């Protein structure tokens, strides 16, 4: 288990370094990260289309400006613009190279392929294998299904949007894409919270061994997770719209959060969106995991002396599941931290009227690019983390991916035998433990 955990840690460190190097390379080349890949959290800033142009990042209601150089009068002021309308523009021009677009498209294709293979295989393992249909695994399947919807619908559209520059899909798809993105993130967050609570309940009731099947409360949890996630994603569908502006004499359509919302609620949502995303979609799962894993550790230490030998194998399995859930939460935190950090730093440190803002803006662009790519990786990395950490999932992945040529009956029989073997052994040990207790009490 330690070797698997260390391999998982090394893989995550390598992923962080690779994304960091790619982001720094894009900054040196002058690529704009915020537009390179559409933000999964719905960034409010707007980039100019993928051509060589100057770029200025403004407030929440900033819109695109023409890339033509501003005419400066003898007094040093921009012609036709009041002195206090805009801050002095950044002197540095940001260029979008075709090489960058192709590299980002390749990364999106890799995420698309790995995400479909990994998440669909994970769903197949849990669906076909009766012994894998328990509470925690059903929650993991719900998480994988949400990631799969995001991968199938959003990633191809975002990659095409980068290559095309203009938004060609209409207002309906402009509302659907951020809606699915937000719903997918909500399903991930709430599923991780439910898994953390479930692990504490399992350890707190360590003497009760559950059989095969999905508890009714787990089914209710999954329904609530999907309903709440969909409801919380509705403001994205309401607020996003296709904004048409003039760019070099041609109309340019951009899918973005409309800076001019019609209702008071949507205006408040636009203003408080970044803080809401950071608190609910990032801090909440980390806080719940920290609280319930602390309680779980205290419970295990308190009952360690009273645990019976007959239950050791079953407790080891529960500890393995707890480590697996903790690894999923850790992967989520590492993948989403750079993007949330970029948003919070912009809200707290970035001042549009500061003449020295361009240096901070350059750093935020690099961090934003790293965060967007790592957030996309979170949709395909969960099956990989399960493969590295959990022995049961690792064996099931191997048998599922390496036995495609077998008949359906052979594959089903092999999966059931492999996964049910340990469960039957543990159940037999628990029966012996109960019979010994009855004998001693009589």
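In case you wondered, yes, glycine gets a Cβ from its N, Cα and C as well.
DSSP assigns residue 174 (disulfide bond) to a helical segment in the three-state reduction. Sequence-distant contacts of residue 174 (disulfide bond), defined as residues of its own chain at least six apart whose C-beta falls under 8 angstroms from its C-beta, comprise 167, 240, 241, 242, 255. According to Swiss-Prot, the feature disulfide bond maps to 174-255, an assignment based on sequence analysis.
The N-linked glycosylation site annotation in Swiss-Prot covers 60 (among others).
Look at Swiss-Prot and you will find 97 (among others) tagged as N-linked glycosylation site.
Taken from Swiss-Prot, the feature S-palmitoyl cysteine applies to 402 (among others), supported by sequence analysis. When other Cβ atoms within 10 Å of the Cβ of residue 402 (S-palmitoyl cysteine) are tallied across all protein chains shown, the result is 9.
Summarising the annotation, Swiss-Prot assigns S-palmitoyl cysteine to 403 (among others).
Taken from Swiss-Prot, the feature S-palmitoyl cysteine applies to 405 (among others), supported by sequence analysis.
Residues or ranges marked as phosphoserine in Swiss-Prot (evidence: similarity to another entry): 305 (among others).
According to Swiss-Prot, the phosphoserine annotation covers 419 (among others), on the basis of similarity to another entry.
The phosphotyrosine annotation in Swiss-Prot covers 439.
Feature annotation from Swiss-Prot assigns phosphoserine to 440 (among others).
Swiss-Prot lists 441 (among others) with the feature phosphoserine.
The feature phosphoserine is assigned by Swiss-Prot to 442 (among others), with similarity to another entry given as support.
Per Swiss-Prot, the feature signal peptide maps to 1-26; the stated evidence is sequence analysis.
What Swiss-Prot records for 27-101 (among others) is topological domain 'Extracellular', and it gives sequence analysis as the kind of evidence.
Marked as topological domain 'Extracellular' by Swiss-Prot: 164-175 (among others).
Looking only at the topological domain 'Extracellular' (244-271), the predicted model's pLDDT averages out at 86. What Swiss-Prot lists as topological domain 'Extracellular' is 244-271 (among others).
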Subject >> Helix, strand or coil at residue 402 (S-palmitoyl cysteine) [DSSP, three-state] >> reply: coil
